[in-house]
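Data first, discussion second: the structure below is written as structure tokens.
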Amino acid sequence: MTTETVHSADTQFESRVLPAAEDLPLDNGYPSQEDLEISNINEVEELGETLDTPVSPHACAYCSLDSPRSVVKCNICNKWFCNSKNGTSTSHIINHFVLSHHSSVSLHPDSDLGDTVLECYNCGCKNVFVLGFVPAKSEAVVVILCRLPCAQTKNVSWDTDQWQPLIENRQFLSWVAEEPTDEELLRARMISPSQISKLEAKWRSNKDATINDIDVPDGREEVPHVLMRYADAYQYQRSFAPLVKIEADYDKHLKESQALEHISVSWTLALNNRHLASFALSTFESNGLKVAVGDEMILRYSGVQHPEWEGRGYIVRLPNSFQDQLTLELKPNKSLPPTHLNTGFTAEFVWKGTSYDRMQEAMKKFAVVKKSVSGFLYYKILGHDVPDLEFDVEMPAQFSIPHFTQLNVSQANAIRHVLQRPLSLIQGPPGTGKTVTSATIVYHLSKLHKERILVCAPSNVAVDHLAAKLRDLGLKVVRLTAKSREDVESSVSNLGLHNLVSRSAKGELKKLLKLKEDVGELSSTDTKKFVKQVRKSELEILRKADVVCCTCVGAGDKRLEAKFRTVLIDESTQASEPECLIPIVKGAKQVILVGDHQQLGPVILDRKAADAGLKQSLFERLISLGHVPIRLEVQYRMNPHLSEFPSNMFYEGSLQNGVTIEQRTVDNSTFPWPIHGLPMMFWSNYGREEISGNGTSYLNRIEAMNCERVITKLFRDGVKPDQIGVITPYEGQRAYIVQYMQMSGSMDKDLYMNVEVASVDAFQGREKDYIILSCVRANEQQAIGFLSDPRRLNVALTRSKYGLVILGNPRSLSRNSLWSHLLVYFRQKGCLVEGALDNLQLCTVQLTRSANARAVRKPNFDKSRFNNVSDFGKVNFADFDTQSLMSYGGADEFDITGNGQLNSFLNNYSSFSQPVQPQTAIDANTFDGTINFDSSLARGLQEYSATSKFENTVIDEGDVKCVEGMKNLRI
């Protein structure tokens, strides 16, 4: 269509996978500032008076503004909204679309374009978030086209290279809907973001509700913050229980309030002859949902071609980087599904509060069951000052296990410490072998105590990975999974309790298993016998195990009624404290927490619960109370050039390199790295960010285009698709990159399809040979959202082994001190470049901090001194971590002593041009006990730390915002 229509687009060609953590709304119905930065809830403190005067039928449902040139109608709910921001950062119509998940509009009949539905001229899509316009070559008109695929289609009549979105800076372009005049704004009703959120929530149950039907709030309801120390476990429970309930209620609301309508289903049969229903789950529909394998769903058919049908099933496969289908395995049903039909279906999520119930039960048990934990651990968890204990154990002659990965000094040091103490924290920076260390610890503890050990992690992926390592050590490992996940294949399926029961079945149990397999179900009498026999077999298998592996939530399974003296929790910094408590209250007397608080933490969706402290892990709180973790110090992943900046910025220069430059250099590579021998670059891209199709995320078309060019160049250099990973903080960009590569890639489409494109969260704990980081953000306001989180940057920078390419806008990013330091580092290395990929030039853009950046006081949090715990006895040194001094901003943001001491010191080392550690690590078995300081930066920081008061550190407010994303609690 031309100017008089502005057509929008369905999500048909937009993303159809689960949202990344960075794109989720964090409050009840109200998106986070980092997602769409609609408005800070504190921007409007005076709520204004509600107008009782009659309003026009086409008046804005928020503010009553009724100018025909400024209002548009939502075609889904038939309400009118204006294009005014009214003092916030987002116009009312866009605000409504984000909160309601609507996306289609009509213009007012009296507007300049008349009564027009905005839709794509080529395909008729009506999602305004993917619509834009291009000029027609032969006429003085514009054509409305969707971003993908129509704007990428070459047409002799349209200049598609000039495509621009209809929404810019979270507001319709003025020729679509004008901004109201100042006079009109004076007559408009004042409405706050919190009122808008409540009104949208009210419309879900009463579509005719008005501003008068909601309670006028006097501010957000305050939730008491968790404490650092507790008098007793009852106070502990009273502090955390309300936060867990808030999170559970929010999760329940999300699951139950969203139905997936008008889905197309494809049918297949599983190996067990159960029906599999697969359908696309778009981010537009799933925004804010926490969906995991094993979740239950209801699938319904209510069309005219078949009688109404309903079936229940469990999710067995989620959308990922390679396919956009969610797959449901249906339970046996008396009524067969209409597999001859593909359309007319709806799906609903069945909410189950098992995860939250187990957290509440663990806190109750901690309070009332005396033997749930040892006395020492009880008081340590409460934050009391208790004397350290040390077990009298016979140390193994050698910590490294024969025919297993040989340990370095810091790993051996950590194991020596753990074996002697009831509570240990191990910090494992990227690539330092946390899993190897954890597996070796479990092996030695198993041999020392001859008792079962409980090994947990927040996610099934982490549990499976560790279980595989323990299996390789020859231990008897049992992998306990939720009943709903027993049919899900994994690398350790053979260790699953249910599979062990089947393989060891004898006598009556074997007969019942065969009968169930042949017939499909058992009689009530046989079912009782079967359940009894299975339970007996399960108890016997668990009793004989050396190690039981499960998720933290899975530790609350009734099948694990026995006590466990020793508990190891891997990736503990990704678990909330109540989640971490579930395995601990199984009678623990020795607890080992493994993690890294400099990487991503727990994911809490409800902002009130997160802000009140639920997002802080037990690992972090113990550090803030002065518990000293042991840091693993040798990384085996990255080319030493790639580890240099993260080591200095996040770990005080303490990381050594267990691999050499030669081991991480590809011979005869033709990739155009700016500096030969330095496999890294920041490629300056100057495209603008755009709102993605789901309305709550962002994309950057120029970065996506250049991402494809980098990948194609790597392909031509002989790199395979599974060696490449693309990381982007925004789901909108992830989806667009996947689609763009399929449409515009110059090589075989299957090659691009097998390149993993995912969020920062999805890549935590993983690695690729080459990483491309697309930053996306580029706007006039210089807002960078999630990118300001140092922990996300740390994860993104430390995934690659051989090469790193960053695509971003240096003007926008340099306004943040952390990114400014990164850009300065790349510039000093000669790796900050711009121009065509085959003709890269040094980038000359000025890197400056915003003059009006606000400074805030950093709370006294996570201050600790990390002693190199060693019984070797020759040297004991302390470096420091304030989570981290440098991780929240550059030296220019710190004002501690007033004499510029730290500023001067960091300036001397700002280039990080000297290697801060030896290129290779020392073998623990040949270590003579002497620790040498090869890092002048680390030594200087130690000297400085002795004279500093870090609780008074001044930092930039934008650098401490950390919004957590999608959490899949896996039972």
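Glycine is no exception: its Cβ is also placed from the backbone N, Cα and C atoms.
Annotations in TrEMBL come from automatic prediction, not curation.
Per TrEMBL, domain 'Upf1' is recorded for 52-206. The average pLDDT computed over the domain 'Upf1' (52-206) stands at 90.
Within the chain carrying the region 'C3H' (60-92), a Cβ under 8 angstroms from the stretch's Cβ atoms is held by residues 36-39, 43-44, 51, 98, 100, 102-112, 117, 126, 170-172, 176-181, 184-185, 187-191, 193, 196, 199, 203, 207, 210-211, 781, all 6 or more beyond its ends. Feature annotation from TrEMBL assigns region 'C3H' to 60-92.
Here TrEMBL flags 74-102 as region 'CC/SHH/C'.
What TrEMBL records for 120-150 is region 'C4'.
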Helix, strand and coil counts within the region 'CC/SHH/C' (74-102) (DSSP): 9 helix, 4 strand, 16 coil
Residues in the region 'C4' (120-150) grouped by DSSP into helix, strand and remaining coil: 4 helix, 11 strand, 16 coil
